[in-house]
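According to TrEMBL, the protein carries these features:
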BINDING   R41, S49, K166, G167, R168, A169, H170  3'-phosphoadenylyl sulfate binding site
DISULFID  C149-C161  disulfide bond
DOMAIN    27-192  domain 'Sulfotransferase'
Amino acid sequence: MPRTLEGQITMEKTPSYFVTREAPARISAMSKDTKLIVVVRDPVTRAISDYTQTLSKRPDIPSFESLTFRNRSAGLIDTSWSAIQIGLYAKHLEPWLRHFPLGQMLFVSGERLVSDPAGELRRVQDFLGLKRIITDKHFYFNQTKGFPCLKKAEGSGKPHCLGKTKGRAHPAIAREVLRQLRDFYRPFNRKFYQMTGRDFGWD
Ligand SMILES: Nc1ncnc2c1ncn2[C@@H]1O[C@H](COP(=O)(O)OS(=O)(=O)O)[C@@H](OP(=O)(O)O)[C@H]1O
């Protein structure tokens with residue numbers, strides 16, 4: 001991490017921190033005061049998004065359905081598949097809470113980040129003790145992209161949407177598979193709502 005001067009905030013992000021066993025102890029050893037922001041979305045959609053990303057790089061992988069089940073007729077989900085495993089948020093959160101108080105963590109809703117980006121960013125700015133600089137005025141909904149975009153990008157003054165790798169079309173997944181996945185995640189989601197004090201409304 002670079003040195004941080006008075007009045008500066010240093011930020012660092014990677015999707016893998018939250019699910020890496022060693023990360024909480026290492027980050028706490030570096031600085032106990034680190035504030036942690038976790039962006040989470042419905043674990044079923046997250047798994048499909050994860051699969052879609054892999055599919056874009058390796059079009060020959062098996063179907064989502066075949067990777068999801070250890071035994072499809074018995075409805076046995078393959079929890080060793082990373083796309084499924086990562087969505088067990090309650091399980092991943094436990095080690096973090098052994099090193100950091102809950103108040104030092106902010107849980108951002110991936111769904112709200114799309115439906116109300118300014119609202120989620122207000123929570124982020126408040127959590128970081130920043131002035132509420134980013135507001136509704138900064139966003140517009142881009143019909144072509146199907147997502148909110150910035151009215152003016154930093155430095156250029158032109159509208160800016162996230163790139164092609166964000167907001168890919170997901171493959172259609174059989175309704176029954178979605179139902180089985182929702183049933184599978186429900187208890188873990190409920191536990192996660194209890195642990196964080198926020199109901200993300202996934203079920
Ligand atoms: N404004 C805006 N524009 C585009 N995409 C948006 C936006 N806000 C949130 N999202 C969601 O971000 C998802 C991709 O982010 P990831 O963290 O999965 O990306 S990555 O793993 O770092 O590549 C991406 O997931 P997919 O839809 O599966 O591509 C989006 O749903």
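Cβ atoms are placed via backbone N, Cα and C, with glycine included.
The model shown is predicted, which means the values in this text are computed figures rather than measured ones.
Projection of TrEMBL feature records onto the structure.
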residue	record	Cβ within 10 Å
R41	3'-phosphoadenylyl sulfate binding site	19
S49	3'-phosphoadenylyl sulfate binding site	17
C149	disulfide bond	17
C161	disulfide bond	17
K166	3'-phosphoadenylyl sulfate binding site	11
G167	3'-phosphoadenylyl sulfate binding site	15
R168	3'-phosphoadenylyl sulfate binding site	12
A169	3'-phosphoadenylyl sulfate binding site	7
H170	3'-phosphoadenylyl sulfate binding site	13
* To do: Identify which of the following binding-site residues, namely R41, S49, K166, A169, place a Cβ less than 6 Å away from any atom of ligand 1, and list them by sequence position.
  => S49, K166
* Asked: For the 3'-phosphoadenylyl sulfate binding residues given in the record (R41, S49, K166, G167, R168, A169, H170), what is the largest pairwise C-alpha separation in angstrom?
  -> 16
* Calculate the distance in Å between the alpha carbons (Cα) of H170 (3'-phosphoadenylyl sulfate binding site) and C149 (disulfide bond), and round it to a whole number. => 20
* Asked: In which DSSP state, out of helix, strand and coil, do we find K166 (3'-phosphoadenylyl sulfate binding site)?
  -> coil
* Could you give the Cα-Cα distance between K166 (3'-phosphoadenylyl sulfate binding site) and C149 (disulfide bond), in whole Å? -> 12
* Structure fact -> Taken over the domain 'Sulfotransferase' (27-192), the predicted model's pLDDT averages 97
* C149 (disulfide bond) in three-state DSSP notation -> strand
